[in-house]
Amino acid sequence: MNTSELSIAEEIDYEALPSHAPLHSQLLAGAFAGIMEHSLMFPIDALKTRVQAAGLNKAASTGMISQISKISTMEGSMALWKGVQSVILGAGPAHAVYFGTYEFCKARLISPEDMQTHQPMKTALSGTIATIAADALMNPFDTVKQRLQLDTNLRVWNVTKQIYQNEGFAAFYYSYPTTLAMNIPFAAFNFMIYESASKFFNPQNSYNPLIHCLCGGISGATCAALTTPLDCIKTVLQVRGSETVSIEIMKDANTFGRASRAILEVHGWKGFWRGLKPRIVANIPATAISWTAYECAKHFLMKN
């Protein structure tokens with residue numbers, strides 16, 4: 001095998017993380033990416049949750065600057081980190097499943113010879129399957145996280161027990177169908193846009209953290225904007241049982257349809273776009289961090 005053939009083989013091996021790569025490499029890379037993404041961007045995510053949930057109460061402020069100022073003054077600078085334990089506990093395993101499933105499906109759907117060509121539909125399908133598997137694991141942790149983001153006086157175990165005792169086990173999965181409705185297109189577009197941008201900016205498929213970061217940011221901004229209405233519905237379903245929710249129609253919303261009607265009745269069509277700015281602000285670096293961390297871990301693990 002000559003030098004050029006060897007170089008191409010190495011690029012295919014790196015980019016695809018093929019089936020013969022150790023399973024633990026795929027899982028560790030995914031777990032590392034998930035923990036980095038969710039922990040570093042957690043305060044912005046918490047702000048997004050509060051902006052969306054502000055519509056579940058009477059006379060609540062919804063501006064980003066006013067919310068940050070109010071939270072810092074009344075609750076302290078660490079208030080927006082409340083609940084990070086829950087998301088770290090869930091993000092590691094969930095993202096391990098997410099990226100591991102993605103690589104597995106991608107390796108089965110796309111032959112090694114076709115890895116250098118643009119395969120948006122197969123990439124999107126791989127991301128969709130990965131999302132269904134990962135969200136089944138992550139949804140309970142996400143529900144607990146959002147309750148903690150609204151009520152900073154509680155702890156992870158106390159909230160978990162409170163949800164189970166007062167609302168039953170099903171409460172951890174009320175938002176699962178909506179989460180899938182949001183995350184399936186998010187993941188499909190995420191993988192498709194990221195891979196497409198990578199093919200454009202990095203046609204050699206080489207390890208390049210700056211390019212990975214750029215492509216991840218482009219993907220994150222686009223996907224966040226497209227899925228904000230579904231994220232608003234998901235927030236209603238996940239925090240409806242919280243004591244901080246005061247509007248009765250919001251408290252009774254336990255299905256996708258009821259949550260949608262509640263938002264529409266209380267806020268009109270604009271209600272589906274609450275939290276758009278912090279969601280985009282959060283997802284640009286979050287998705288960039290996730291992809292860069294994943295590619296970094298994948299590169300390191302494949303070389304070692």
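Numbers here mean position along the shown chain, with the first residue as 1.
Backbone N, Cα and C atoms are what each Cβ position is placed from, and that goes for glycine too.
Per-residue confidence over the repeat 'Solcar 1' (21-108) averages out at a pLDDT of 77. Residues annotated as repeat 'Solcar 1' in Swiss-Prot: 21-108.
As annotated by Swiss-Prot, transmembrane segment applies to 23-41 (among others), with the evidence given as sequence analysis. Same-chain neighbours of the transmembrane segment (23-41): 17, 84, 87-88, 91-100, 103-104, 282, 285-287, 289-291, 293-294, 297-298, 301-302, counting only residues six or more beyond its ends whose CB sits under 8 Å from a CB of the stretch.
Marked as transmembrane segment by Swiss-Prot on the basis of sequence analysis: 83-102 (among others). Away from its own ends, the transmembrane segment (83-102) comes close to residues 23, 26-31, 33-35, 37-39, 42, 46, 126-127, 129-131, 133-135, 137-138, 140-142, 144-149, 156, 159, 191, 290, 294 of its chain (Cβ-Cβ under 8 Å, at least six residues beyond either end).
Note: the repeat 'Solcar 2' (118-200) comprises 73 helix, 0 strand, 10 coil (DSSP; helix = H, G, I, strand = E, B). Residues or ranges marked as repeat 'Solcar 2' in Swiss-Prot: 118-200.
The transmembrane segment feature in Swiss-Prot is assigned to 120-139 (among others). Listed by sequence, the residues of this chain that lie at least six past the ends of the transmembrane segment (120-139) yet keep a Cβ under 8 A from its Cβ atoms are 90-91, 93-95, 97-102, 105-106, 109-110, 172-173, 175-176, 179-180, 183-184, 186-192, 195-196.
Beyond the transmembrane segment (175-194), the same-chain residues lying 6 or more positions past its ends with a Cβ under 8 Å from any Cβ of the stretch are 102, 120-121, 123-128, 130-132, 135-136, 139, 142-143, 215-216, 218-220, 222-224, 226-227, 230-231, 233-234, 237-238, 256, 259, 287, 291. Feature annotation from Swiss-Prot assigns transmembrane segment to 175-194 (among others); the stated evidence is sequence analysis.
Per Swiss-Prot, the feature repeat 'Solcar 3' maps to 207-300. Note on the repeat 'Solcar 3' (207-300): DSSP counts are 77 helix, 0 strand, 17 coil.
Same-chain residues lying 6+ beyond the ends of the transmembrane segment (209-228) with a Cβ under 8 Å from its Cβ atoms: 182-183, 185-186, 189-190, 193-194, 197-198, 201-202, 272-273, 275-276, 279-280, 282-292, 295-296. Here Swiss-Prot flags 209-228 (among others) as transmembrane segment, drawing on sequence analysis.
As annotated by Swiss-Prot, transmembrane segment applies to 275-288 (among others), with the evidence given as sequence analysis.
Summarised by DSSP class, the composition of the repeat 'Solcar 1' (21-108) is 73 helix, 0 strand, 15 coil.
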